[in-house]
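Heads up, here are the entries from Swiss-Prot:
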- 35: active site, proton acceptor (ACT_SITE)
- 35: N6-(pyridoxal phosphate)lysine (MOD_RES)
- 136, 309: substrate binding site (BINDING)
- 261: active site, proton acceptor (ACT_SITE)
């Protein structure tokens, strides 16, 4: 018996998206970003699908936020290059990086101090992060020369040191700040050895000059556009997730009757309501407004009333023939998650990563 609700993950779409991103950035290696449980698609699901060399759809490496994520990927048998995008947090983490062959970002002086205070069995591969304008992590231009020299002189650091930055506005292509960041990064790193990586998903899709040695696609890998008002399908990408549930009740509803907590919505006509087995306890946003679409039997029907913990209600219409057990699609190929996110007033990243453990993640 299939569980409901569930997130159906398409291995074919994941592979197709990786192939498409390689076409968009043919001169770059791909560091597939699988942090936050593979953007809600299942960390090992994604890593294993994209290390299938027999399918010609294997990533060159994987980007993760936390050491625990990287260790889970290694324990799952994935031998590809791994990069900790937030770097290590404690000096005790460094021997684990060596043992499991994990690259690390270095973005703060405290990490330099830890690298200089330990004795390691072999050097760690480091990606030095430059703050080119994001002002979140990374070293300023005034610090760069000294930091780079410290890394070069440290026997615990493998040579060459690799170089990276992160864009703050690449998902707003009308702004020229990304070009400013690229120029800043290139001026600081000109002539230095080592690989470079600048481009996140928006960089890959909208700023081809940023693609460099490695690209770091995250949301685009899952078939979703990083840009408001855009769809992944506009770039030849396919959504890898379909969030589905089912109708657990169909009810006759009279004009003037309300539904749900707070009697928030009142019917203006006689109709039929459907109750869908998903709610904010599953990660579907409680603040989804009236009219947010759900797909039932191939047609869009609006949410009515408040989303509750385990259920939401949709207006099926007065002539609906839908029945208990019918499939309800919350987002997917026929109902893009970008559109649902815009309707709710959030971003697709948040929707796919906030699904709770009650939602079964099922790889096809």
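Positions of Cβ are set from backbone N, Cα and C atoms, glycine also.
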Look at each of the recorded positions, 35, 136, and point out the one with the fewest other Cβ atoms around it within 10 Å.
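It is 136 that, of the recorded positions 35, 136, has the fewest other Cβ atoms within 10 Å.
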Out of 136, 261, 309, the recorded positions in the record, which is closest to residue 35 (active site, proton acceptor) when you go by Cα distance?
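Minimum Cα distance from residue 35 (active site, proton acceptor) across 136, 261, 309 lands on 136.
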Using Cβ atoms only, which residues of the same chain lie under 8 Å from residue 309 (substrate binding site) while being at least 6 residues apart in sequence?
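Sequence-distant Cβ neighbours: 279, 280, 281.
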If you count Cβ atoms within 10 Å of the Cβ of residue 261 (active site, proton acceptor), leaving out that atom itself, what do you get?
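Step by step: centre on the Cβ of residue 261 (active site, proton acceptor), count other Cβ atoms within 10 Å, giving 11.
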Per DSSP, residue 309 (substrate binding site) is which: helix, strand or coil?
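DSSP assigns residue 309 (substrate binding site) to coil.
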